[in-house]
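Okay, so here's the structure we're looking at.
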């Protein structure tokens, strides 16, 4: 070897993750990039140590992904029975991807997710951001989109990826989708390319934004959709992102206020409109709730007498839509013509996400004008 030559020996072609040794008679000729926090001087050269694995925190909440059925063909009527450790046992290869710590926050069907559990998830994520490179949350698919929206709206994670994952088939199914979904979610949370993208959802080989994703099929493996577009996919153990890192535009971040250990959000209900929808129902719930979300016909359509009833009330009422796709524009919402206009267009948000956004606004004591401004982030208001 010449006096100014450099020899690099590597144990595998994956330079990013392999261990390799650099030897040189003139260390000053070694590129500065090798003099990093992962490099240590060893003898006549520099030995770059193998990069440490990412640290991932898994928060378990239950759902179909943690469920068992009586036999292998049963895909309904199953029950939650598995812990995070049980799920990890089904994907032993994951130990090559990252170092994992986990916490079982609860083990329930996602229909039973309430405000106490929401706060546990919020607290679990908040307390893990500084110590881990990524966070994975196992969750039932029925209300996964609501929890993902809540977490995106209440936590500023910086660049740390937060990945929600679930499954449509129980663990005992002939072709259970849970193990692969979980494996992919952990890989996504571990990958540097996932940083700076906000809350993600990993299901059925697709990577989506947790802010906009919606469950559109009650039974199929391809049960979720996002009309704003998928962010990427997972193929043959590779993560492919279609766009550079970006977070949802107009996403308002709220600071939660907790009274001691008790977490309580204002009461907001959803009413589903239909032909001959009676205005009496609106009056009935107005006395018992802090706000109302209406799943309107079309893009904000309601019988005129219902509109008139809504405008007479003082509580905030959000006009959303029954359809899975589309939006309710401001122009389609009736107005009183004063600052006391209490009717709000949901924009692109579904009724269930509109409910959460309104709850967070009310919890923060926002005025009607401030609530409308928050909804302008999703082109409503």
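Yeah, the Cβs are placed from backbone N, Cα and C, and that goes for glycine too.
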Same-site residue for substrate (record: Swiss-Prot; known: 141, 142; options: 110, 126, 171, 173):
110
Excluding 110, 141, 142, which residues of the same chain place their Cβ within 8 Å of the centroid of the Cβ atoms of the recorded substrate site?
63, 64, 109, 111, 139, 140, 143, 144, 166, 215
Using only the residues recorded as binding substrate (110, 141, 142), report the maximum Cα-Cα distance in Å, whole number please.
7
Hey, does DSSP put residue 350 (phosphoserine) in a helix, a strand, or just coil?
coil
Find, for the listed recorded positions 64, 141, the residue with the lowest Cβ contact count at a 10 Å cut-off, counting only other Cβ atoms.
141
At the Cα level, what's the spacing in Å between residue 142 (substrate binding site) and residue 64 (active site, O-isoaspartyl threonine intermediate), rounded?
9
